[in-house]
Structures are given as C-alpha cells and as structure tokens.
Amino acid sequence: MFAHVLLAVSTLLYAVGLILQSMAARRTRLSNTIELSIVKRLAADRSYAAGLAAQVAGFLLAFFARETLPVYLVQAAACAAVGVAAVLGAVVLGWRVTRPEMAVLAVLTVALVLLAGAAEPSRVASVPPATGWVLAAVLAACAALAPTAWRARGAVPLAGLAGAAFAVLAVASRPLPSLDWTALPLHPLAWLALVSAAAGQVLLAAALQRGSTTSAGAAMDAVTMVVAAVAGLALVGDQITDGRTGWLIAGLILIVAGVLAMGRVGTVVTEDDRHTDARVPEWRPV
C-alpha cells in the first residue's frame, strides 16, 4: 500500500515538472539542429530548473515503488501525469485544452487503466546479462534517429524518442532497488539508467519547444509504456495477471491509436506560443 502512495505522489510531481519545463522550453530559441547544450541553457531558467527538480523527485519516489510494483504499473502512473498536467494547467494556470485533445486524453486514460489492470505485482532481484545489451541497443537506436527527428516538424518524433529513452531508464532501474546500495556505482544497469535519463531529458526539452504539453507528453508516455511493457515482459520477467492478456493487447492498441491522434490535433506550437509570457501561460496547439 505504501508503494502505491509513493506512486501517486510521483505522478503529481511528474505533472508539475512537465508543466514547468514546457513553459521554460517555449521561451527558448527553436533550432532545427541537435544542440546537446539545450538542457544546460534551459537550466538557467528557474521554471525549467524547478520542473526538472520535480521530475527527479517523482522519479526517486517511483524508483522505490518499483521494488515491489511491476514496470507496467509504475509506467501507467507516470503516463497518467499528462492527464494530471492537463487538469492542473486548465484549472490553475488557465490553459486552454481543445475538445479533440480531451477526447484523446480519455482514450489514453482507458488504455492506461487496461495496462495497469493487466499487471501482476512481482519482485526482480536479477536479470540475464543480455538484458543490458538489448537496452543499450535501444538507446543507441534513439541516438541514431535523433538527427532526423530534430529536423522534423512537430513534437511527436522527438517525444517518441524521449519515450524510448525513458523506457530504457524504467526497465534498467527495475532490479536496482533490490540491490545493496554499495553495489550500485559499479552496476552496468545503473550507468545505463543515468545515460538514458540524460538522453530523455534532452529529447523531451526539444519536443516541448515544438508542440503542446499534451501532444509531447502523450507521445512520450505512449512510447514509454509500449516499449517498457514489452521489455518488462521479455527482459526482466514481469508477469501478466491470469486471464488479462486481452487487457494488455487492448491497452497497447488504444495507446498507440491515442498517440497518433494526439500528434494530429496538437503537434505544432507557433512562434507566439513558444514565447508566451510565463506570467500568463497559454495552451494553444495549432
């Protein structure tokens, strides 16, 4: 039960972080070339720094929850952050969310409920050596595709790569809470988790420059959920609740359909949107 409380607070922190990072990212200059210093530049913005701190805190809580909860459930909660961000943005900050975006969010919510319901709680103390190599290959593929995604129009390509990087982070960190803390600095999966976290932050920062918080967040979370679900089952031994394989299949189909729809209704941010005054934040996907 305590792990579920940690997960709920983690989701709220992820949502707050996503909002703050989006506000900061839209105030920066948009570039069509890869800039590895983008996070360093954004860190000078207090909103982005606060958002990053919130996401780090959220990750730490999810990290401890992951010791007893499967990747499915943890990632479903993390994916719910985009919906929480939409509600917070509309209620607290006065952001405008379009009806198509709300409809897609509803589809994503149903998908996430199905995926979470299919999860069977389990502990993972160790993983096969091949797990690290497969996860490293996924991260390398993200790096190879990054230049093309950076030049593409809209948030979805970059957000999708960020999602894949964060999926590597989620799966790589699954067995880490069960290890002795003194073993972490020398464990290959710990280093892979750090590298994937850094790569995901760079890609997410660039995606938030190009699209609404909803479109970027939904694309990222959908890819993270799918990749983490498959990798969790295949690489670290996550289980499906008896009789709920259909929930898993239906959830994955809905979440892929949802992210494709979100990419259509809220992909591009205009020049005015990116430089909106932080004191009067707006949500105006084109």
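Cβ atoms here come from the backbone N, Cα and C positions, even for glycine.
All annotation found in TrEMBL is predicted automatically rather than curated by experts.
Feature annotation from TrEMBL assigns transmembrane segment to 6-25 (among others).
Per TrEMBL, transmembrane segment is recorded for 46-65 (among others).
According to TrEMBL, the transmembrane segment annotation covers 71-95 (among others).
Panel annotation: around the transmembrane segment (102-119), residues 69-70, 72-73, 75-77, 79-80, 82-83, 86, 214, 218, 221-222, 225, 229, 238-241, 244-245, 247-248, 250-255, 257-259, 261-262, 265 of the same chain, lying at least six beyond its termini, place a Cβ under 8 Å from a Cβ of the stretch. The transmembrane segment annotation in TrEMBL covers 102-119 (among others).
Within its own chain, the transmembrane segment (131-150) has Cβ neighbours under 8 Å at 31-34, 157-158, 160-161, 164-165, 167-168, 171-172, 188-189, 192, 195-196, 199, 203, 206, 227, 231, 235-236, counting only residues six or more beyond its boundaries. Annotation source TrEMBL lists transmembrane segment at 131-150 (among others).
TrEMBL lists 157-176 (among others) with the feature transmembrane segment. Here the transmembrane segment (157-176) has Cβ contacts under 8 Å with residues 63, 66, 71, 74-75, 78, 124-127, 131-132, 135, 138-139, 141-142, 145-146, 148-150, 184, 187, 189-190, 192-193, 196-197, 199-201, 203-204, 206-207, 210-211, 215-228, 231-232, 235-236, 238, 259 of the same chain, all six or more residues outside its ends.
Taken from TrEMBL, the feature transmembrane segment applies to 188-208 (among others). Cβ atoms under 8 Å from those of the transmembrane segment (188-208) belong to residues 21-22, 25-26, 35-36, 38-39, 42, 48, 52, 59, 127, 131-132, 135-136, 139, 142-143, 146, 149-150, 155-156, 158-159, 161-163, 165-166, 168-169, 172-173, 175-176, 216, 219-220 of the same chain, restricted to positions at least 6 beyond its ends.
Within the same chain, residues 18, 22, 70-72, 75-76, 78-79, 81-82, 85, 101, 104-105, 108, 112, 115, 127-128, 130-131, 134-135, 138, 154-156, 158-164, 166-168, 170-171, 174, 204, 207-208, 248, 252, 255-256, 258-259, 262-263, 265-267, 285 sit at least 6 positions outside the transmembrane segment (215-235) and bring their C-beta atoms closer than 8 Å to a C-beta of that stretch. Positions annotated as transmembrane segment by TrEMBL: 215-235 (among others).
According to TrEMBL, the transmembrane segment annotation covers 247-269 (among others).
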Q. Taking residues 6+ outside the transmembrane segment (46-65), which of them lie with a CB under 8 Å of any CB in it?
A. 3-4, 6-7, 9-14, 16-25, 39, 74, 77-78, 81, 173, 176-177, 197, 201, 205, 278
